[in-house]
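Q: Right, I'll just put the structure down here and ask away after.
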Amino acid sequence: MTILNHTLGFPRVGLRRELKKAQESYWAGNSTREELLTVGRELRARHWDQQKQAGIDLLPVGDFAWYDHVLTTSLLLGNVPPRHQNKDGSVDIDTLFRIGRGRAPTGEPAAAAEMTKWFNTNYHYMVPEFVKGQQFKLTWTQLLEEVDEALALGHNVKPVLLGPVTYLWLGKVKGEQFDRLSLLNDILPVYQQVLAELAKRGIEWVQIDEPALVLELPQAWLDAYKPAYDALQGQVKLLLTTYFEGVTPNLDTITALPVQGLHVDLVHGKDDVVELHKRLPSDWLLSAGLINGRNVWRADLTEKYAQIKDIVGKRDLWVASSCSLLHSPIDLSVETRLDAEVKSWFAFALQKCHELALLRDALNSGDTAALAEWSAPIQARRHSTRVHNPAVEKRLAAITAQDSQRANVYEVRAEAQRARFKLPAWPTTTIGSFPQTTEIRTLRLDFKKGNLDANNYRTGIAEHIKQAIVEQERLGLDVLVHGEAERNDMVEYFGEHLDGFVFTQNGWVQSYGSRCVKPPIVIGDISRPAPITVEWAKYAQSLTDKPVKGMLTGPVTILCWSFPREDVSRETIAKQIALALRDEVADLEAAGIGIIQIDEPALREGLPLRRSDWDAYLQWGVEAFRINAAVAKDDTQIHTHMCYCEFNDIMDSIAALDADVITIETSRSDMELLESFEEFDYPNEIGPGVYDIHSPNVPSVEWIEALLKKAAKRIPAERLWVNPDCGLKTRGWPETRAALANMVQAAQNLRRG
C-alpha cells in the first residue's frame, strides 16, 4: 500500500500577483480577453509544475478561478441571474465578471451578486442565487478545458469540483421563498454529465468538496447526501472532501455514501485518526489532511508522523494539506528580508508541498531522519525570547471586569455626545478610507524602498489628508475621516506598529476577485511601543471644525486577518491586541479626537463553524472589543463597523459590544440585515450602508432615499446614520465623489421631509 500525497488546491494569483494585474488591466480596457486568458494558462502551467517539482503526486485541477470557485460552479451549472445574462443566452468570462463586480468590458452593468466569507476563512465567495423553478444545464466548461490542459502537459490529474449539496447550502433564494434543497434533483444531471466527461478523459479520482459536512446541518440536508451521491456514483472514484473542522459528528451520514474515499482535516478538526479508521468502510481510501493549508507555520513533521503512523499499512492512505493552499502565500524562498531565525519557523504553499513529500517518503520508508531535521527550528521556537514578553503576560493576567465597562450606560453617553457634536438628523459619514490613488501608492512605495526621505513622505501624506478633508467638506459630509492615505492595509498598518508581528514582502493571499491581502504574522506577545494613529488624526482635525473620526482596526479583526500563533489561544492574542489599542484610544482622546471608530468587520467570520462552540468565542471576542473601547469618556463616541454579516443569530453579542454607533454593510442584501436589529430592538445608533462600494456603479439619489426610508421603517430615524457599506479605498475619485454627493443629497432631502 504505497502512500501518495496531494494538495486540495493551490494559490491562483501568482507569486507577483500576475492574475490580479491581468484582471485589472482587462477590466480597465488596457488589454484583450485573449491576453487575460493567456496569463491564466501560464499561471496554471507554472503552478502544476511547481507542485510536481516539490514532490506532489496528484495535482489539483479546477482549483483555478477567474474570480471565485463558487462563482465558477454557478456558471458550470448555468446558474446566471437574469440581470447578468447575455441577450443571446451565451455565457462568457464577462458574464462571470458582471456577476462578481456588477460590470465587465461587455454587457450591461447590473447589481453585483452578494459576497460573503467562505466558511471561517478570509476568502470571499459570490453567493449563488436561486429562484423557484430554476433550470440548470452544463454551460461553462472551464473545468474540462483545464483538465485537458493538464493532461496535455503530462500531469497526474485529480479534478476538483464543489459538491452539489454544499453548493446549494452556500446559496440564497431570491424572490418567492422556497426550499433551495428542492433544486438538488435539478442540478445532479449536470454533475453526472461533468463526471461522465471526466471519465471519458481517463480520470480515476475526482475530489468532490463537501465542506458543509463539517457543519451542524439540519437533518433534511444531511438526509440529502445519500440520494445525491447515489446519483453520482459509478463513473469515477469520488474523494469526498471536507475541511475546516472534523467530521465525527456527521460520520454516520458520511459512511453510508457510495464514495471511494474521504478527506478529513486533521489540523482544525478533533477527529481521532485511529477511530476514523475503525469507522470507515475498509475499502475506502483515507486522505489525511495533516499539513495546515491556512497558516504559515512550518509543521512539526515528527508530530504529524506520530499522528498517522498507527494506521499505515492498514488501509489505502494519502497525505494532504488540510484544505486548499489558496489560503497560504506561495513561496517562502523569495522572502529576503525576514530574519533568518524567524524565517526558519515558516512554510508557505510550496514549502508545504515539500513537507507533504517528506512525510510521504518517511511513511513509505519508515526513515524519519529527514522529519526530525525539518522540525528542529519549530521545536526550538518554543524557547525563543522573541516569542515571550513577561510584561504583556503580566498585564493580561491583571485584567478585571471593570476594564471592559464604559463609565456610564449608552443613554447617558448619547446625551453627552449630542451636546458635544450637535449633529443634524440623518448624519452623514464614510467608513474610513478614501481612494488609494497611484500617487498615494507610489509615495508609500518610494518611502518603503528608501527612495524618499521621511520629511518628504510626511509632507506628501499630509497633502493627501488635506485633500480628503477638502473633498469631504465640499461634499457636505457631517463627520469626516482623514482618508487613511498612510495605510496600505487596515490590518497590516497596525501590525507594523505593534511588537509581536512580522511581515512578508510577497506573502499575498487572495481575498476576493483581484483583491489580495498580505496578512501580518503573529510570532509573539503583542504590545504597542508608541502611538500609532494619533499624529495624523490630530493633523486632520486641525484642518476642519467638523469632527474627524479616529480610525482603529479592532482586536478580533486584527487577529482574524493575521496569521496567528499556534502556541497560544486566539483569545490570548485578541486580548493582548485589545490592551495595546486601549492605550491608543486614550491617546486619541487626549489629542482631542471625539469620535473613534474601532472596526470589527471580522467579528462574525471568526465564529467557530459549529454553533455549539459559539458562546465561548463570542464571550471573549466581545470582551476584547470592550477592553479596547472602555477607556473612552462619556462624550467620546465609539463607532464600530462590520461587513459581510448576518446578525440575527449574534444580536446579543452585537449589543454587548456597547458601541455608540454601529455601521453595517446592507446594500447588497437590500436592507435585509436590519430585520435583526428591529426584532432585537437594538438600543444604540446604526448606519446601514446605503451603497455597495465593491461595485463601481454610482447609486442614484432616489435609490439611496428609498433604502433609507426602508431603514426608517425598522429603526427610529433619530438613531440612523447615512454612510456607504465599506471603506472607499478600492474606488476611484470620480465615482466616489458622485456616489457621496448623491448620498449627502439623499440625507438632506430626508431632513427636509
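Every residue number used here counts from 1 along the chain in the order it is shown.
Glycine is no exception: its Cβ is also placed from the backbone N, Cα and C atoms.
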Q: Given that Swiss-Prot annotates Ile431, Gly432, Ser433, Asp599 as L-homocysteine-binding, name the residue from Glu484, Glu486, Glu646 that shares the site.
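A: Among Glu484, Glu486, Glu646, only Glu484 appears alongside Ile431, Gly432, Ser433, Asp599 as L-homocysteine-binding in Swiss-Prot.
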Q: Can you match one of Trp48, Trp169, Trp205, Trp561 to the 5-methyltetrahydropteroyltri-L-glutamate site that Swiss-Prot gives for Arg17, Glu18, Leu19, Lys20, Lys117, Arg515, Cys516, Glu605?
A: Trp561
Q: Using all protein chains in view, find how many other C-beta atoms are within 10 Å of the C-beta of His641 (Zn(2+) binding site).
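A: There are 27 such Cβ atoms around His641 (Zn(2+) binding site).
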Q: Closest of the binding-site residues to Ile431 (L-methionine binding site), Cα to Cα, picking from Leu19, Glu605, Glu665, Cys726?
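A: Comparing Cα positions, the closest of these binding-site residues turns out to be Cys726.
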Q: Glu605 (5-methyltetrahydropteroyltri-L-glutamate binding site) to Ser433 (L-methionine binding site): how many Å between their Cα atoms?
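A: Computed Cα spacing between Glu605 (5-methyltetrahydropteroyltri-L-glutamate binding site) and Ser433 (L-methionine binding site) is 22 Å.
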Q: Would you mind sorting out which of Arg17, Leu19, Lys117, Ser433, Asp599, His694 (the recorded positions) have a C-alpha within 10 A of the one on His641 (Zn(2+) binding site)?
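A: Near His641 (Zn(2+) binding site), where near means Cα within 10 Å, the recorded positions are Asp599.
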Q: Measure from the CA atom of Leu19 (5-methyltetrahydropteroyltri-L-glutamate binding site) to the CA atom of His694 (active site, proton donor) and give the result in Å, rounded to a whole number.
A: 19
Q: Reduce the DSSP letter at Cys643 (Zn(2+) binding site) to three states and note it down.
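A: In the DSSP reduction, Cys643 (Zn(2+) binding site) maps to coil.
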Q: At 10 angstroms around each C-beta, which of the binding-site residues Arg17, Lys117 has the fewest other C-beta atoms nearby?
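A: Relative to the other binding-site residues in Arg17, Lys117, Arg17 has the fewest Cβ atoms within 10 Å.
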Q: In three-state terms from DSSP, label Asp599 (L-methionine binding site) for me.
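A: Assignment for Asp599 (L-methionine binding site) reads strand.
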